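Reviewing the structure listed below.
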Amino acid sequence: MSSFFVAGTDTNVGKTTAARAMIQALQGQGVQVVGYKPIACCGEESIYPVAQSENTSDYDHFVNADVLTLMHSTKENVSYQDINSYTFSHCAPMLTQDKMRIKLDKINCDLTRLNQTYQSVVVEGSFGLMTPMAEGKSFADWIAQQKMPVVLVVGIKDGCVNHALLTVKVIQQLGVPLLGWIANRINPLLSHYAEIVDLLVEHIDAPLLGKIPYLHKPEEQELGHYLTNIDRLMYMQTEFIK
């Protein structure tokens, strides 16, 4: 059993797309794998209201598009509530009193339950790695406590090299393994895409797991084949967390 944490260099860099690719790639190797997004929060474009009797989130009566994508990416029979601990209708509970509702004990229990049920859990964070999570701790603090290996998603755009290298430095300071990184093309008009990826390959001391091109509705597509270094994930699954 193992968990991987999918960290992004920023918000809207494609963490959910990369998590879907990881889930599909691992399933292609026969691994029983699910996604897990502890805290889901976003704007109007990615939440959907549900009737109160159908509410699957802990507090607000909404479901989140990222959690739905994770739910529909796995072949395992999971519900929305199985793979999400908290859903909020606004973009950042850490900026409001809602942050007081988030309890790490619940998140830890939910992750333990998934780890005990499935061979692998792909955990998707919210916003960036240093974003406050709950009870005075950041996502970085939490994954260090969990000793959870990290896969870094880099949304390839101007400025991403600085963001990526700073995030890598934080991961190294945490003392958790950086399994590798995924290049996600989020700007189809970026003329120097290849040069940026080459520069990141040169400076990130971890393997490139794959390159996901700019895609229309990636949440509806097969993405696993874009991860060309899946052996790295399979190896780490057995080496780091049993």
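Cβ coordinates are placed from backbone N, Cα and C, and glycine is handled just like the others.
Summary of the site annotation: Swiss-Prot records ATP binding at ASN12, VAL13, GLY14, LYS15, THR16, THR17, ASN184, ARG185, PRO213, TYR214, LEU215, GLU220. Screening the candidates ASP66, ASP141, ASP158, ASP198 against this entry identifies ASP66 as the one listed for that site. Site annotation (Swiss-Prot): Mg(2+) is bound by THR16, ASP66, and the candidate from GLU124, GLU135 recorded at this site is GLU124. Under the DSSP three-state reduction, ASN12 (ATP binding site) is assigned to coil, being neither helix nor strand. Taking the centroid of the Cβ atoms of THR16, ASP66, GLU124 as the Mg(2+) site, the other same-chain residues with Cβ within 8 Å of it are VAL6, LYS15, ALA19, ARG20, GLY35, LYS37, ALA40, VAL67, THR69, LEU70.
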